[in-house]
Amino acid sequence: MKLPGGTIICARNASSYYDAVIVGGGMVGNAMACSLGAKKSFQSKSVLLLDAGRSPSLSSFESGAPFNNRVVATSPTSIDIFKKLGVWERINSHRAKKVNRLFVFDSCSTSEIEFERGQNEEVAYIIENDLIVGSLYEKLADYKNVDVKTGAKVEVCSIPNGLENMATIKLENGDVIETSLLIGADGVNSKVRHASNVDYTTFNYNQHGLVGIVNIETANGKNETAWQRFTTLGPVALLPLSDTISGLTWSTSPEEAQRLKQLPADQFVDELNSALFSQDDQLPYVNQAIFALNKMNPFRTETFGRKAEGTTPPHIISVQDKSRASFPLGFGNAHSYITTRCALIGDAAHRMHPLAGQGVNLGWSDVQILDKILGDAVREGADIGSITYLREYDSAAQKHNLPVMVSVDLLNRIYRTDAPAIVAARAFGLNAFNSLGPVKNFLMNYLSAHR
Amino acid sequence: MLPLRTLQKLSSRFHSTIATSSIDAREVAKFGDLSGEWADELGSFHALHSLNRIRVPWIVDNVKQGEKTSKRLVDVGSGGGLLSIPLARSGFDVTGIDATKQAVDAARLSLQSAPLQRSRIAERLRFEHTSVENFCQKPENKSAYDGVVASEIIEHVADLPGFIGSLAELARPGAPIFITTINRTWASKVAAIWLAENILKIVPSGVHDWEKFITPVELTAHLENAGCRVAAIHGLMFHPIGNHWTWIESTQCNYALLAVKK
């Protein structure tokens with residue numbers, strides 16, 4: 001430190017400075033770091049990524065290696081972000097499973113909805129979380145303006161009220177880091193969010209998500225459809241990882257999740273098949289009404305001559321050893337994703353039910369929006385922690401995320417009941433929606449918009 | 001502690017007639033307040049802050065950045081530094097000069113702030129309390145700058161030809177001179193004086209004198225007399241709702257002029 005008099009004193013706990021510090025080395029934090037690393041206007045800026053753990057090595061994702069049980073459905077928009085960040089080749093050369101059809105059905109009625117794209121287009125890619133983290137992390141080595149600290153656990157952050165002060169991060173090892181912009185990508189229990197003091201709405205679903213890796217068998221030997229069946233305890237989803245392997249995401253009550261996790265493998269498989277195929281909860285009068293409606297609907301073309309893959313999900317043969325895990329599900333949204341010198345991205349800012357597989361995709365959308373406004377701030381010579389710019393990120397990201405989060409929350413609610421009136425309403429709604437080709441195409445394009 | 005010492009040093013350097021001991025804490029506190037006002041993005045100077053969003057890229061795009069060393073800019077009429085600081089952030093080496101001592105003190109105070117110190121932007125930024133005529137007399141300043149900025153200042157000066165002549169002396173041959181100001185038209189009388197000062201209160205009342213506004217034609221003549229060529233003139237429009245500026249074709253009110261020293 002240099003004082004005006006010209007004396008140089010060396011402080012004992014010398015603190016370091018970065019223009020931006022990203023807390024959290026997950027899928028969203030790493031994407032943010034890559035995004036700023038590649039940014040032309042950030043070449044003269046310094047960025048630090050603080051990773052509490054250590055990044056996974058890509059060698060564990062060679063073909064043949066067992067699949068990791070944490071997987072994400074990566075939307076076409078997110079794939080475009082990966083391409084822009086220059087990591088898509090790396091991810092795809094390991095293993096990413098293309099899904100060109102999404103089939104949603106109901107345990108209480110025959111209503112169903114199908115999203116399908118052409119052979120060369122995808123609805124989503126199913127990718128292991130750690131493969132994404134590892135690929136982004138490797139890419140960071142290309143960027144001179146980005147430093148990474150692994151095993152860096154944040155003890156406390158402080159965020160100033162105004163631009164005249166810096167945001168500071170104190171690590172558990174005593175290091176102090178100062179920054180113009182603290183980016184919180186540190187997940188649901190974000191320390192950055194707590195320090196920022198923003199209001200946060202949150203509630204639990206009283207549901208747990210059970211994940212696992214299952215071996216499956218399909219009629220045609222291909223596994224290109226993502227399946228989701230709504231049951232009264234929560235949706236069961238099968239996400240293809242290879243032609244014979246799928247990732248399971250089973251939302252159910254906490255007690256059920258605990259019980260299922262501990263069941264012997266063969267009993268677990270029986271219960272899972274039953275959750276996918278059981279007809280016990282079907283309501284015959286709702287089904288008769290749907291059948292009658294379908295006969296009258298002039299738009300419905302696919303009633304006859306079903307596609308080869310059909311309308312029944314694959315049979316589960318076995319569950320892989322030690323692949324079962326479960327975690328609580330909840331909803332959360334920060335009322336503001338920003339304060340002066342602080343921006344929250346990904347799960348630190350918002351959390352949602354996994355049933356639509358949108359959570360992390362929203363996080364990557366945050367990265368894209370924040371990246372753009374930080375580019376504007378640098379170009380206009382502004383302090384990147386200035387609320388004038390961050391506010392634009394907040395309003396654009398909230399506007400993008402909230403409709404998706406609220407719709408998914410609503411879906412989860414209306415499918416957790418077997419009350420006949422609601423079953424009928426949702427069945428007719430879904431059925432009508434599925435029958436209206438143009439409306440469905442419009443929605444599908446909206447969800448994968450911004451391309 | 002730090003600001004007090006700095007101010008004492010500054011006062012002894014530039015105002016040798018004032019004894020160092022005459023600085024009192026109230027003065028320092030006042031400068032601190034003023035500094036806060038200059039830096040407040042939503043305060044009295046909000047329209048100047050939002051003007052940065054188009055004038056900074058305009059200046060950056062028109063001064064070729066140096067390969068190794070930073071290009072040198074002089075910001076004439078730098079006030080509290082609210083344009084000089086963003087220009088320094090954009091990578092330039094910036095000298096801000098202003099005739100108002102309080103404004104220069106406020107700018108210097110903000111130089112001591114942690115964000116400018118820790119990011120080392122303060123190292124390529126300095127403020128001087130001087131007039132442009134005196135400043136350009138110094139041999140080290142003649143034809144020394146890769147860009148000269150006079151933004152929202154020429155409508156406040158007494159001797160315009162002399163002022164423009166001094167700007168031209170600071171620029172090295174081929175260097176751009178950036179001027180933004182207000183035209184002297186009926187439109188500007190309504191918009192810049194009546195609306196801005198009395199109705200919308202965008203600027204403090206009495207800050208502008210319509211008689212002193214300059215038309216692009218007059219400004220062009222002064223610049224040509226000073227050995228400069230006018231490269232472009234664009235209109236600027238302020239949108240009070242949303243506090244932002246856009247480039248427009250009409251130069252009836254606010255306008256920006258880019259000249260090049262021959």
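Glycine too: its Cβ is placed from the backbone N, Cα and C atoms.
Within its own chain, B:S151 (S-adenosyl-L-methionine binding site) has B:L51, B:R55, B:D75, B:G77, B:L83, B:F178, B:I179, B:T180 as residues 6 or more apart in sequence whose C-beta sits under 8 angstroms from its own. According to TrEMBL, the S-adenosyl-L-methionine binding site annotation covers B:R55, B:G77, B:D98, B:S151.
Sequence annotations record features per position, and here TrEMBL assigns Mg(2+) binding site to B:E152, B:E155, B:H156. Less than 8 angstroms from the CB of B:H156 (Mg(2+) binding site) sit B:G77, B:K212, each of them six or more residues away in the same chain.
Note: B:E152 (Mg(2+) binding site) has non-local neighbours B:L48, B:L51, B:G77, B:T180, B:T181, i.e. same-chain residues 6+ apart with C-beta under 8 A of its own C-beta. Within 10 Å of its Cβ, the residue among the binding-site residues B:D98, B:E155 with the fewest other Cβ atoms is B:E155.
Look at B:S151 (S-adenosyl-L-methionine binding site): DSSP puts it in a strand.
Distance between Cα atoms for B:D98 (S-adenosyl-L-methionine binding site) and B:E155 (Mg(2+) binding site): 14 Å, as a whole number. Taking the centroid of the Cβ atoms of B:E152, B:E155, B:H156 as the Mg(2+) site, the other same-chain residues with Cβ within 8 Å of it are B:G77, B:I153, B:I154, B:V157, B:T181, B:I182, B:H208, B:K212.
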